[in-house]
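This report concerns only the one structure given below.
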């Protein structure tokens, strides 16, 4: 059962202004995209890439992009190198470009450390043998060697310490060998000198023994002679 149109309702509809409402339009790129049927087969084709701190357009237009950890770290490093006055007012891209123009940055912190380029490391290893010669290692004390090895690699430091220990032991052995040889030569010279003195003393003893026998024989002849020989006995004594 249909009711007749009310005059008040018709008047309200005629007076209603539809132009004051905005018309919602669908984005054109959404229609020209991949069909709905193909979305199920490629689930990752419609997923946008994750935004980074270097792409401010990916963030909403009403707010500024939030700085990431890497951006904050680079800005802090730049502030330490150039001072806070020069860093203020720089964008992240300008800060990174300025850091790259400054050269390699020494990074020490939770993100890692800068150990130098391979060329610098090779040059350091080449300079170490020139700086630490055998004579320098032997004459250098342990404290001085540890001070010189600061900043050197652990393997290189262990190798130099082992080399110094080997040179020290070799020097001690050579010194002991030289000392023993010197003592041996001294003892041999002393033995030869004492042997010569012994031979001289033996010759002197033999000479004195012969003189003793000669004097004893003369004494026996004088005592066994005639009675007149007693007056001349004192001449031979």
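Here the Cβ of each residue, glycine as well, is placed from N, Cα and C on the backbone.
Note that the coordinates shown come from a computational prediction; the quantities given were computed from them, not determined experimentally.
Here is what Swiss-Prot says about this protein:
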CROSSLNK  20  SUMO cross-link
CROSSLNK  24  SUMO cross-link
DOMAIN    159-222  domain 'bZIP'
REGION    26-64  region 'Disordered'
REGION    30-93  region 'Minimal transactivation domain (MTD)'
REGION    187-208  region 'Leucine-zipper'
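Sequence-distant contacts of the region 'Leucine-zipper' (187-208) (same chain, at least 6 residues past either end, Cβ-Cβ under 8 Å): none.
Confidence annotation: the region 'Minimal transactivation domain (MTD)' (30-93) carries a mean pLDDT of 52 in the model.
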